[in-house]
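Lifted from TrEMBL, the feature list:
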- 2-191: domain 'Glutamine amidotransferase type-2' (DOMAIN)
- 2: active site, for GATase activity (ACT_SITE)
- 97: L-glutamine binding site (BINDING)
- 256, 288, 363, 364: ATP binding site (BINDING)
- 365: site 'Important for beta-aspartyl-AMP intermediate formation' (SITE)
């Protein structure tokens, strides 16, 4: 996890523009660098580093002697870089996983490069020899990327929108900042004056398709057919591999543990893999909640079962309310559901950074979307409609749960890893017949639970524990987080303010909670004439389902 930033064709003084890059310093607390591009005085790269792999030679932009015309800034992890290096006999100059991007690009061009990357990534690749700029992002947008581009060819790119919104340009008083679409790469021509022109935007991977890099990985051969025992065996193989490949780091590994099905499976599998890899330190697991919250009790059971070094973080309603401002600034969204669910994750990330040496943090994000874990999937009119909804949620993860998970951890200099969004695991799961993936016997994620039924990885009562929203599970059974927020906000937003909401806001909020979050958002990211400065930011409350209303 790092922070990347780049400008091409800036009309303003670069030393002034670079101040915007400091807005994402939290993403890389270990080191930072600004570097101008030779021959282009109005182009530069900025990089904030969290040193996870190759602490000696890992600074960016990455440049190697063999390709002096290539400049690479990337945020992410390429888990198959060693396999590809050995297969194609590439000569590495560093131990950085991202160096593989340079070699693959030189060998086969940008399309083959992005299709061969098994991992999570957002990158900016500059080829001064061929006068090209390339942007790319992983399938689900696990690593963030934003861009702003003007009609005259000024391009600005950053890991977070906050690094772009205050940039200056002669053509416009406000830059239109947009999230770069996951699963895509863009090709741009670099002009002699440092400005760019977009040539094409290409979708490089659909979540249903088996990725090209599957030809080169070391996963044992899967069994053909859709017999239930065959499917369960294949899922276990792929999930084990998804966790194992993510052990790639020089820093200590920890795991978020809510006591729900997903995080419990990740924690249990992770601990097993760490033992097999003969890692010397104990796995630290982390749970957060208010006093007597269901999540704390469930997480404690799992931690005792798997034998992790478990940490429990207690917070009260005051502490939760006090960080709302910081949370919304970090998230860059005022979506109600996302804000509610982010407070606990923000606080636990803050605890991890302050009190432990765990830096690489595993989590269960993505499972609910992939395995149809939300309660409303019980109402799907058909397995095919449920399949459509699951894929829609996966396409929009970068606007919601993946956004929440990245920003709340990155705000405290942590790197998140999400095995359920592994390319091989997720594409195989989505290739299964639709009727295998729907809830059964009134239980969501039935196939996933059944897959690990006989593994003894986690306690049976946790394996079959019903789904709870993260913001519900962390709060006291006596007073929910939802109720706490409503009671507090009722005294912060009066009826007169709500009556004027339509005049004051573009896509105006319909509830007092929405109004309160929007006020905070506008304070950090003032509205521009066209509305929200961060386009793609949902207006909240945003419908999370296109299925029939419950």
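Every residue gets a Cβ built from N, Cα and C, even glycine.
Across the residues annotated as binding ATP (256, 288, 363, 364), the two Cα atoms farthest apart lie 15 Å from each other. Neighbours of residue 288 (ATP binding site), defined as other CB atoms within 10 A of its CB across all chains, total 27. Apart from 256, 288, 363, 364, the ATP site neighbourhood in this chain, defined by C-beta within 8 angstroms of the site C-beta centre, holds 255, 257, 258, 263, 286, 345, 348, 361, 362, 365.
The most crowded of the recorded positions listed here (97, 365) is 365, judged by how many other CB atoms sit within 10 Å of its own CB. For residue 363 (ATP binding site), the count of additional Cβ atoms within 10 Å of its Cβ stands at 25 [all protein chains shown]. On the 0 to 100 pLDDT scale, the model's mean across the domain 'Glutamine amidotransferase type-2' (2-191) is 93. All protein chains included, residue 364 (ATP binding site) registers 24 other Cβ atoms within 10 Å of its own Cβ. Here residue 97 (L-glutamine binding site) is positioned 13 angstrom away from residue 2 (active site, for GATase activity), judged by their C-alpha atoms. For the pair residue 365 (site 'Important for beta-aspartyl-AMP intermediate formation') and residue 256 (ATP binding site), the C-alpha distance works out to 10 angstrom.
Considering only the binding-site residues 256, 288, 363, 364, the residue whose Cα is spatially closest to the Cα of residue 97 (L-glutamine binding site) is 363. Annotation for residue 256 (ATP binding site): spatial neighbours 263, 285, 286, 287, 345, 348, 361, 362, 363, 364, criterion Cβ-Cβ under 8 Å with sequence separation of six or more.
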